[in-house]
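As recorded in TrEMBL, the features of this protein are as follows:
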type: BINDING; residues: A:Thr89, A:Arg112, A:His113, A:Arg114, A:Glu120, A:Asp212, A:Leu213, A:His214, A:His218; note: FAD binding site
type: BINDING; residues: A:Gln109, A:Trp110, A:Ile111, A:Arg112, A:Glu120, A:Tyr121, A:Ser122, A:Ala123, A:Arg124, A:Arg196, A:Arg223; note: dUMP binding site
type: ACT_SITE; residues: A:Arg223; note: active site, involved in ionization of N3 of dUMP, leading to its activation
4 protein chains.
Amino acid sequence: MPLTPEQLAEIEEARSEPRQTLRATAPGMEAHLYTAHPVLDHGLVRVIDYMGDDAAITQAARVSYGRGTRAVSNDEGLIRYLMRHWHSTPFEMCEVKFHVKLPVFVARQWIRHRTANVNEYSARYSILDREFYIPAPDQLAAQSTVNNQGRGAVLEGEEAARVLDLLREDAMRSYDHYESMLSQDGQQGLARELARMNLPANIYTQWYWKIDLHNLFHFLRLRADAHAQYEIRVYAETMCRIVKDWVPLAYAAFEDYRLDAVQLSGKAAQVLRRRLAGEVVTQDSSGMSKGEWREFEAVWG
Amino acid sequence: MPLTPEQLAEIEEARSEPRQTLRATAPGMEAHLYTAHPVLDHGLVRVIDYMGDDAAITQAARVSYGRGTRAVSNDEGLIRYLMRHWHSTPFEMCEVKFHVKLPVFVARQWIRHRTANVNEYSARYSILDREFYIPAPDQLAAQSTVNNQGRGAVLEGEEAARVLDLLREDAMRSYDHYESMLSQDGQQGLARELARMNLPANIYTQWYWKIDLHNLFHFLRLRADAHAQYEIRVYAETMCRIVKDWVPLAYAAFEDYRLDAVQLSGKAAQVLRRRLAGEVVTQDSSGMSKGEWREFEAVWG
Amino acid sequence: MPLTPEQLAEIEEARSEPRQTLRATAPGMEAHLYTAHPVLDHGLVRVIDYMGDDAAITQAARVSYGRGTRAVSNDEGLIRYLMRHWHSTPFEMCEVKFHVKLPVFVARQWIRHRTANVNEYSARYSILDREFYIPAPDQLAAQSTVNNQGRGAVLEGEEAARVLDLLREDAMRSYDHYESMLSQDGQQGLARELARMNLPANIYTQWYWKIDLHNLFHFLRLRADAHAQYEIRVYAETMCRIVKDWVPLAYAAFEDYRLDAVQLSGKAAQVLRRRLAGEVVTQDSSGMSKGEWREFEAVWG
Amino acid sequence: MPLTPEQLAEIEEARSEPRQTLRATAPGMEAHLYTAHPVLDHGLVRVIDYMGDDAAITQAARVSYGRGTRAVSNDEGLIRYLMRHWHSTPFEMCEVKFHVKLPVFVARQWIRHRTANVNEYSARYSILDREFYIPAPDQLAAQSTVNNQGRGAVLEGEEAARVLDLLREDAMRSYDHYESMLSQDGQQGLARELARMNLPANIYTQWYWKIDLHNLFHFLRLRADAHAQYEIRVYAETMCRIVKDWVPLAYAAFEDYRLDAVQLSGKAAQVLRRRLAGEVVTQDSSGMSKGEWREFEAVWG
């Protein structure tokens, strides 16, 4: 269970005290506030705060476009127009702050997105909890044979059992040794900032992560993608569901113009034009490399 | 008067509809929401939205420091500790969005702060209003004789009158020509994106400007400083008053550790140590250049 | 002519002194170094410094991918793979520094790209030169009748002459008054930081602008686009030619996967699939709005 | 020894081929290019590329200040002036690219500096080497008793031996299991992106890290500080020595105005003024908290 009774009590308390505000509120997001969405075996995502809603996006766009914007008659149309034409600044006018609990190896991928504000639990200052990510059996996958950076078939039988045993035992032993090195019982006790180096990358950490909607969409496009590693994708998918409730119009535009979008290179667009004109195009006559042609065919047949 | 009756009606409407929220609220900031603070002759600053309060800063710090933070017993002490030791990430957990109306030459300085989100009125898309900044007589200053980048005495008599006449007349004439080039009355009418090039830098523009508290403090430290140009400083000072009401503990720490702080170089610290030990130090024996010694004496006598 | 004899002499001197270095060098870029490329009537772009070449991109990618990268046998294939799959960090490993002279209204658009380093000529500190952008006759366009943010037909006859006269006369008069307000001849002389407010947006400014290749590509994609305003597009196009000589493989990939690329929304991709299958799709049955359908047909007929 | 024979051969080759360039070169930096500076037991720092030198800083400043800058007669004085007055943009005009090999727990601290470009070795894509950081005996410190985030006395005798044994054995066992899970010998072999989760935080990773001089100085001020963890401080100190050879004037100014500087709060400055006037000030009469007074006395006695 990802949250302690104390944390659950805190959440309940925070959720029981509505306050008055003159700010824009998003009802769909109020319903999510503080509530922990479980992810993986011990992880979670929960919304700590947010700023703005769909109307905040169009309000900012109308500052830019002045009276001229009245031409686009409604918020949905305007939001779709902004998304389609890569006018990103109005989406930056919304902001969200998440509390996330996640394995360290996921955190290391995640942090590469630089346009966010982060406060992470400090293992230099405090002692980490004994919580480790152990994959569920259906996620215990073999190395892909076609993609260096991917998974193949699910491991089975004895191999699967052996891997799970190793992961569990190494995690427990490392943590036991972490504690015994830290201990001040009959010894000085190693500094926390040193002892932590013994802990494996599947230990859980946590952070507050704050980001604007434009940069969050960029993160989600990359991390909710089928090529993203499963362990970060489930966080992105959880956030997608939350964002859909927060800014439904912006999320629908994001889905159509980003998540479901297809990017065609100049060469690929040319091939499609020829096909539409009835021509049969082969890799040879496409101007594309084998790798690119394979990727093109995977989408267009 | 900086706001139209329509805008005032909108503000009144927005302020008359309190909503319920489970988010953190800052009572001092609720009182400012949407209200226009006049700046210069036609400018304004008003808060459109905010996220977080003093407690959001310590909450984020406590995520980082875990159980260890209980040692710092109260929020004020913790906030002062964070500010003193340049722990900036907890301050990034608060966010604010302003609507600002300002002359273009001020906007050009302002935008050099890159860590903010901006939606500016587009003169490519829309037609600018006939509003220009004309300095008040007590701000009509001569070039400084000691500082290339500063002002000296206030202009007086005929020279002052002449300058004000030129500024006013050139502004009006430029705007008249802007309108006549745009006009489609009996002619095609020049494109907006071209006609705007005739407008001088004292014309007003406006934008939404969103920034986190850490970066806002950085902006305010530079722009509320005595060396900042008066026309941007008055905006910074207005924001200082607003931030003080929003996050009073953080603002007090900012005042003590940033606005009122004195930075000593290694050499300057050495001179102070020798003075405290009773030595009389001169520029020659200080190791400082003339310019640096002059700046040092201006602070320490 | 955009450069003074002194500047030309400086360029000649800098170009006449080759030095020895152990760093990567790009022969195509060495040929551009310091040379001024004229843009508009008084503007220019010139390369002041650069870091890296095509090989620096693949070198960085090979750090990330380790021994595994040997699978992609050559630099060109690897660079195309990186561009196709939005692996942007290797492109960030190249950097370039430009000297740009440009009208203020172009500078105001340009600066909205925040991921660059900038040092601009300070009109607070120094006096601007009497140089203004006056459009060439074939760029003196009417407001577009279909796009608020664009140009229509070229102005002709008397209207064109009137506009050019107004732009020239207002520029000259504003500058005369700028000088007369600054003058310390028989008067105190207005502060530079104030006098500059009288200058129109077609006056030229200049800056050093430094950016990494990934962010430069992002800038070029938006500003070399047909929808960008002509006066910034010509700068972007000049830079495109320079970048092509600097990193020919990366530029070719950028051209195919970004400049010439077509972005299909989920709905648009669906329509193409149906068309390829022989179906006749109308706006009604496409699921797209009128505006989106119009944009779709403009590309796909 | 931190580098393989192959890498050493590559370095030798790169260093043996000087090329001609028209760019600014920094002789002190050329001497460092590609050479590996060992750090910790298996780590390293080496310069891969650089842009600019001391003159590039003043050149950029002179673009900003125009003819006015001639008043500051020499490069050293101008660079010190810029540093003293926080004019950071000219320092952004220099750029450097490092290759760094470092333990993962150090990498996790390091990456929090967001204003850099990074390409890290991907353990999703490739297999990590069997290299772990094991502290030297004089760095095996106990938890500080006064600072949650620091080290106390060095561990001795049996406790030290026990800790080193645990760290070494856990590292070796984790790596053995990593290899056995990856192995495709008689089994499918776990995906690399999963197997890596078993590796502890003292395993070495490596990356290319590129940053401008202003942001590098910011990093060095925080990480070469006495309060920084030893394991990152040694990297910062190595870089300080390199930067000193690269831009000697800028580094000297950085040393005096940042590394050796003392920051006084408004209250602390007040206390110094009273002391200089002969008054004996106590914590009670200082207006400072106990913690702040303790820090103040540590510096000023």
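Every residue gets a Cβ built from N, Cα and C, even glycine.
Note that TrEMBL annotation is computational and uncurated.
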Quick check for the class: what is the C-alpha distance, in angstrom and rounded, between A:Arg124 (dUMP binding site) and A:His113 (FAD binding site)?
23
Is there any among the binding-site residues A:His113, A:Glu120, A:Arg223 whose Cβ is under 8 Å from chain B, and which ones, in sequence order?
A:Glu120
For A:Ser122 (dUMP binding site), which DSSP three-state class applies?
coil
With every protein chain in view, how many other Cβ atoms are within 10 Å of the Cβ of A:Arg124 (dUMP binding site)?
18
DUMP binding residues A:Gln109, A:Trp110, A:Ile111, A:Arg112, A:Glu120, A:Tyr121, A:Ser122, A:Ala123, A:Arg124, A:Arg196, A:Arg223: largest Cα-Cα distance, in Å and rounded to whole number:
29
Among A:Thr89, A:Glu120, A:Leu213, A:His218, these being the binding-site residues, pick the one whose CA is nearest to that of A:Ile111 (dUMP binding site).
A:Glu120
Looking at the binding-site residues A:Ile111, A:His113, A:Ser122, A:Arg124, A:Leu213, which ones have a CB within reach of chain D, meaning under 8 Å Cβ to CB?
A:Ile111, A:Ser122, A:Arg124
10 Å Cβ neighbour count around A:Arg223 (dUMP binding site)?
22
Rounding to the nearest whole angstrom, report the longest C-alpha distance spanning A:Thr89, A:Arg112, A:His113, A:Arg114, A:Glu120, A:Asp212, A:Leu213, A:His214, A:His218, listed for FAD.
27
Measuring Cα to Cα, how many angstrom lie between A:His113 (FAD binding site) and A:Ser122 (dUMP binding site)?
19
At 10 angstroms around each C-beta, which of the binding-site residues A:Thr89, A:Gln109, A:Ser122 has the fewest other C-beta atoms nearby?
A:Gln109
Rounded to the nearest Å - Cα separation of A:His218 (FAD binding site) and A:Gln109 (dUMP binding site):
14
Going by DSSP, is A:Leu213 (FAD binding site) part of a helix, a strand, or coil?
helix
Out of A:Ile111, A:Leu213, which of the binding-site residues has the smallest number of neighbouring Cβ atoms within 10 Å?
A:Ile111
Between A:Arg223 (dUMP binding site) and A:Thr89 (FAD binding site): CA-CA distance (Å):
21
Are there any residues in the same chain, six or more apart in sequence, whose C-beta is under 8 angstroms from the C-beta of A:Glu120 (FAD binding site), and if so which?
A:Ala107, A:Thr205, A:Gln206, A:Trp207
For A:Ile111 (dUMP binding site), which of the three DSSP-derived states applies: helix, strand, or coil?
coil
For A:Arg223 (dUMP binding site), which DSSP three-state class applies?
helix
